[in-house]
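As given in TrEMBL:
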BINDING   Gly107, Ala108, Phe140, Asp225, Glu226, Val227, Gln228, Thr283  pyridoxal 5'-phosphate binding site
BINDING   Arg143, Ser282  N(2)-acetyl-L-ornithine binding site
MOD_RES   Lys254  N6-(pyridoxal phosphate)lysine
Amino acid sequence: MSEHFSVERGLFDDVMVPNYAPSAVIPVRGQGSRVWDQQDKEYIDFAGGIAVSALGHCHPALVGALKEQGEKIWHLSNVQTNEPALRLAKKLVDNTFAEKVYFCNSGAESNEAALKLARRWALDVHGEDKSQIIAFKQGFHGRTFFTVTVGGQAAYSDGFGPKPGDIDHAEYNNLDSLKALISDKTCAVMIEPLQGEGGIVSPTDEFIKGVRTLCDQHNALLIFDEVQTGVGRLGELYAYMDLGVTPDILTSAKGLGGGFPIGAMLTTTEIAKHLKIGTHGSTYGGNPLACAVAEAVLNTVNTPEVLAGIKTKAKLYVDGLNSINAKYNVFSEIRGKGLLIGAVLNEKYQGQAKNFLNAAMDEGVMVLVAGASIVRFAPSLVISDEDITLGLARFEKAIANLV
Ligand SMILES: *Cc1c(COP(=O)(O)O)cnc(C)c1O
């Protein structure tokens, strides 16, 4: 018999490593864009985990896929392949620039695979001098030691001893700063096609096309980190599709599993061939459960109705936030794309994004921050208009309490 005892937030401090500071409430169940905590208080979910729950909580198509696969087979080693992984890979290949897919379990792992592939490609094709990796300040690529070093915030990579080498950082939306660093020794440029953690920063058209051109001029691979922007988040299946720029390698995670852990690295056959047998791997990567759920996510998101809905829902948010701002004057800008939206706090409220998040929780709406001064919204891509309206009304109340 299993032992059951009541758990509460205080236990976190007793038994968990102190690298997080979770809020006072513990959510216990969710349905669509609503979540309930231990006291049965209801929240409208404008956070989606952190841009993960692309179809809200317990979407019937995802629950169905998980249950069905859960009664067939859960795990195989990579000594065998499996049907859900093959089906998912085929769908990703059919719907993107990519010809080959590698599966893993998270965003960081998909970026780790992309970076290792780029280094191996450069070594095989161009020799050992071509190892420089360029990424961007304020960028975020995950928490493994390689990806956190490639990420553009030293605060996250300092304090762990010697870092992986030959990694440089240019400024986002500043082509000259990339020009100053890039050369024939550059192996790859890794970039988010909209900086998420770094503050919901869109690339200018000139910049993102210029990055592609510079990569081409110097035979460097262009890696798009679409861990946050992918799977419909910005209104297209992947963000690159709306930018007129195609990367050589693309990474996907977060929304891909809709809450079930999975990551994927997508690339061309020509580049993929350098990850020869034995060069990289993952015990759980491509496991049947994750792939079955991700297939259901793709089937649901990649339809004209859902993708068009993202754009109309985004307008509801932006209009709603603007009208809140007209009353309370708290934001200097509402920015972002699709359902990845940043409300930038104005001068008076600098550094207070966390207070807005906490006040919103009190009123029954979950939001995110992106840095200290931006409130971020990354709701379900199929959130109902009623839930948007109700959640924004609660958010307005929260602001009224604060100002
Ligand atoms: C969240 C995120 C990651 C890291 O993903 P994990 O699943 O936490 O490893 C990497 N890149 C971007 C752009 C992200 O937003």
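Cβ coordinates come from backbone N, Cα and C, glycine included.
All annotation found in TrEMBL is predicted automatically rather than curated by experts.
Straight-line distance linking the Cα atoms of Val227 (pyridoxal 5'-phosphate binding site) and the residue listed as 'N6-(pyridoxal phosphate)lysine', rounded to a whole number, equals 6 Å. A simple Cβ count within 10 Å picks out one of the binding-site residues Gln228, Ser282, Thr283 as the most packed, and that one is Gln228. A Cβ distance below 6 Å to any atom of ligand 1 is met, among the binding-site residues Glu226, Gln228, Ser282, Thr283, by Gln228. Cα-Cα distance from Arg143 (N(2)-acetyl-L-ornithine binding site) to Gly107 (pyridoxal 5'-phosphate binding site): 9 Å (rounded to the nearest whole number). Taking every pair among Gly107, Ala108, Phe140, Asp225, Glu226, Val227, Gln228, Thr283, the residues recorded as binding pyridoxal 5'-phosphate, the greatest CA to CA distance is 25 Å. Less than 8 angstroms from the CB of Gly107 (pyridoxal 5'-phosphate binding site) sit His141, Gly142, Asp225, Val227, Gln228, Thr251, Ala253, Lys254, Gly263, each of them six or more residues away in the same chain. Annotated pair Phe140 (pyridoxal 5'-phosphate binding site) and Ser282 (N(2)-acetyl-L-ornithine binding site), C-alpha to C-alpha distance, rounded: 22 Å. Ranking the binding-site residues Ala108, Val227 by C-beta neighbours within 10 Å puts Val227 at the top. Secondary structure at Ser282 (N(2)-acetyl-L-ornithine binding site), taken from DSSP and collapsed to helix, strand or coil, is coil. Non-local contacts of Glu226 (pyridoxal 5'-phosphate binding site) by the CB criterion (under 8 A, 6+ apart in sequence, same chain) comprise Glu192, Pro193, Tyr238, Ala239, Tyr240, Leu250, Thr251, Ser252.
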